[in-house]
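Peer 1: Pasting in a structure now, in structure tokens, and then I'll have a few things to ask.
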Amino acid sequence: MSTPPSLPATGVPAPHLPRGAAAPALPACLALAGPTASGKTAGALALARALAPHRPVEIVSVDSALVYRGMDIGTAKPTAAEQAAVPHHLIDIRDPLQPYSAAEFVADAQRLVREIQARGALPLLVGGTMLYFKALWDGIDDMPPADAAVRARLEAQAAAEGWPALHAELARVDPQTAARLAPGDSQRIQRALEVWHVSGRPLSSFHTRSRAAGEAAGAARMSMPLFSLEPQDRAWLHGRIAQRFDAMLDEGFVEEVRRLRARGDLHPDLPSMRCVGYRQAWEALYEEARTGRLPLAQLRERGIAATRQLAKRQVTWLRSMPWRHAIACDAPDATQRWVAAALHALGVPA
């Protein structure tokens, strides 16, 4: 993993302004992104403490897993004490049976930012769902809604032929989308083929932007600077991921998924149950029901491997955002550097 762009100790360098030019407007809100286990929650809370004498902070979660109630351990959800110390939004807003789309996130986040600003607080958007961040800046086209009949047909086809066969089908109708998806990425393959069958358009065609949309995205980036926590050493992040997964197992993650399975109305193809860790735990519990033995070592191995892959995808997304301010999350003073950079961007003395 290459070293992310470095920041000086004070954070974002002050812009060079022509003589007589007005200083740029201070950002309306801040965003903090990063791969899983990079320290985003700790960083967000540290900034809230540093800003407390100047301005209250409210956190808007940018995480597609934290929206689900009853999924606390496997998502590393902020604790009740952390949520009590700093207001958090877009956490526990859906039952695991319910979907939550990027379009819904954008609408909710934009509304919350306005409400938080009206209260005189700083909106701080924090998370690792890069699609949500991208949708905030670039906007999203009006893609067709989910079609239950088409989804059922695709699931039946996948059961008969396997998801790699559907990935090959996607490559014929939408090679651009297929190129960025793994043959086993059932959720995204299904959605891409669903869009094709419902609209007659490839999913990739919905991501093109007009010039006006591009200008609007540029304005959005100016009003909401993106800071990212990125590791210089991949092994450091892998170690953190393993430690966190072990801690989740110790805290009762398997029992959490067991309770979800016991509801009887959830299944492994739901977006909630496809979340990293939950899918692997669901499969392990299925194996336990079949054989009477829980393959805990296999669950740990597969869960950590899946989380590593998620982190890799998150870093790839971040590197496609050249306007971000990258901070090495594995540096000993990473939290201090992030706080100093954020305070500088806000015009607050460190």
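Cβ coordinates are placed from backbone N, Cα and C, and glycine is handled just like the others.
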Peer 1: According to Swiss-Prot, which of these ranges is region 'Interaction with substrate tRNA': 76-81, 82-87, 274-279?
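Peer 2: The listed stretch tagged region 'Interaction with substrate tRNA' in Swiss-Prot is 274-279.
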Peer 1: Looking at the region 'Interaction with substrate tRNA' (63-66) alone, can you tell me the average pLDDT?
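Peer 2: The average pLDDT of the model in the region 'Interaction with substrate tRNA' (63-66) works out to 98.
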Peer 1: Mind checking how the region 'Interaction with substrate tRNA' (187-191) divides into helix, strand and coil residues in DSSP?
Peer 2: 5 helix, 0 strand, 0 coil
Peer 1: Could you measure between Ala37 (ATP binding site) and Thr129 (site 'Interaction with substrate tRNA') for me? Cα positions, answer in whole angstrom.
Peer 2: 13
Peer 1: So which other residues, same chain and not among Gly34, Pro35, Thr36, Ala37, Ser38, Gly39, Lys40, Thr41, have a Cβ within 8 Å of the centroid of the Cβ atoms at the ATP site?
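Peer 2: Along the chain, the qualifying residues are Gly128, Leu229, Cys329.
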Peer 1: If one measures from the C-alpha of Arg151 (site 'Interaction with substrate tRNA') to the C-alpha of Thr36 (ATP binding site), what distance in angstrom results, rounded to a whole number?
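Peer 2: Roughly 30 Å, rounded to the nearest whole number.
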Peer 1: Could you find out if DSSP has Ala37 (ATP binding site) as helix, strand or coil?
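Peer 2: Once the DSSP labels are grouped into three classes, Ala37 (ATP binding site) ends up as coil.
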